[in-house]
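S.K.: Can you read through this structure? Questions will come right after.
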Amino acid sequence: MFQTLYSYFWWERLWLPANLTWADLEDRDGRVYAKASDLYVTLPLAFLFLVVRHLFETYVATPLAGLLNVKEKIRLKATPNAVLEKFYAATTKHPKQTDVEMLSKKSGCTVRQVERWFRRRRNQDRPSLLKKFREASWRFTFYLLAFIAGMAVIVDKPWFYDLREVWKGYPIQSMLPSQYWYYIIELSFYWSLLFSIASDVKRKDFKEQIIHHVATIILISFSWFANYIRAGTLIMALHDSADYLLESAKMFNYAGWRNTCNNIFIVFAAVFIITRLVILPFWIMHCTVVYPLELYPAFFGYYFFNFMMVVLQSLHVFWAYLIIRMAQKFITGKASWGPGVVEDERSDREETDDTEEEDEAAAKNGPLSNGHPVLNNNHRKTD
């Protein structure tokens, strides 16, 4: 049964144009072709990436955070409460008003104390500023090096300047050593992102991130199997061109370098929109949709590859919407990553509450009225 499934999976008509077989892509006469077995090494390399990431974050990113004076915000801890903790872990982190009233009776706390407890408990679970900085530093380093490497791999190739060259002689196109390592490293990295996504900083687009990583892994793998390597290298380099800018903007944001963060964000937004909403759909996707049909009839692999490209492009449109929202806030002066700093629309905000500030102020200054200390009778109103 396994052999039957294996035969169906690798049926030439799924992966290759008509009248071509896997025998046509066997190494001969000094020509080397991509093989599915080459990608097995990406799984152990993904775990190696996780080890390298841990070492990088410990011995490079953490000292760098100290040099840039990345400061942690002091968070008030929720007092231990078995009833509230059980509800928080088993039911929901965001109780409705009826739940709050019910928990108030069960725990012996006031409604206000229950609400405060949940706010503090949620803040405790949010990633620290140092964790965010370390993660951004790691991704910035990889994306920057990957972009430089990708450009080195493709900048001297004729298909970088003439997209019709992508399909010249397809699929009998020999693989270069630089293409091999570019693919292996990129695919290994995206496997590592997928493996670590549960422990990484979670944002509002968590599900979209999973879809992106899975779609990217499928696209890279399929382009390798079907020898779409020339198109694949162009797509990977195009994606890396904006990602390192976003991660560097995050780093400077966490370090409090607001003007630098703003300026990098403007550059990132421009590069993202140009590469993902202009070059990718109107040049690269045009290349993968139109030009192949001039050489051979459409087959399953052709439709599958371009379908996955549409999935990625849909995610780009979604993220472009968030970026434009951030840009609007920046232009109108309503940015809130900090005073004058654009807020990451994907981030889960740190919760603050006026009642907590009032409680702390009351402990120091006495009761409050409309958020301000009530004047003591022993002091003049002008004091």
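Cβ coordinates come from backbone N, Cα and C, glycine included.
Caution: TrEMBL annotation is automatic and unverified by curators.
When I checked TrEMBL for this same protein, it listed these features:
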- 69-129: DNA-binding region (DNA_BIND)
- 350-360: compositional bias 'Acidic residues' (COMPBIAS)
- 67-128: domain 'Homeobox' (DOMAIN)
- 131-332: domain 'TLC' (DOMAIN)
- 340-383: region 'Disordered' (REGION)
- 45-68: transmembrane segment (TRANSMEM)
- 140-160: transmembrane segment (TRANSMEM)
- 180-198: transmembrane segment (TRANSMEM)
- 264-284: transmembrane segment (TRANSMEM)
- 304-324: transmembrane segment (TRANSMEM)
S.K.: Cβ under 8 Å to the transmembrane segment (180-198), counting only same-chain residues 6 or more beyond its ends: which ones?
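M.R.: That would be 34, 38-39, 41-43, 45-50, 53, 142, 146, 149-150, 153, 206, 209-210, 213-214, 216-217, 220-221, 224, 229, 232-233, 236.
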S.K.: So what pLDDT does the DNA-binding region (69-129) average out to?
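M.R.: Taking every residue of the DNA-binding region (69-129) together, the mean pLDDT is 83.
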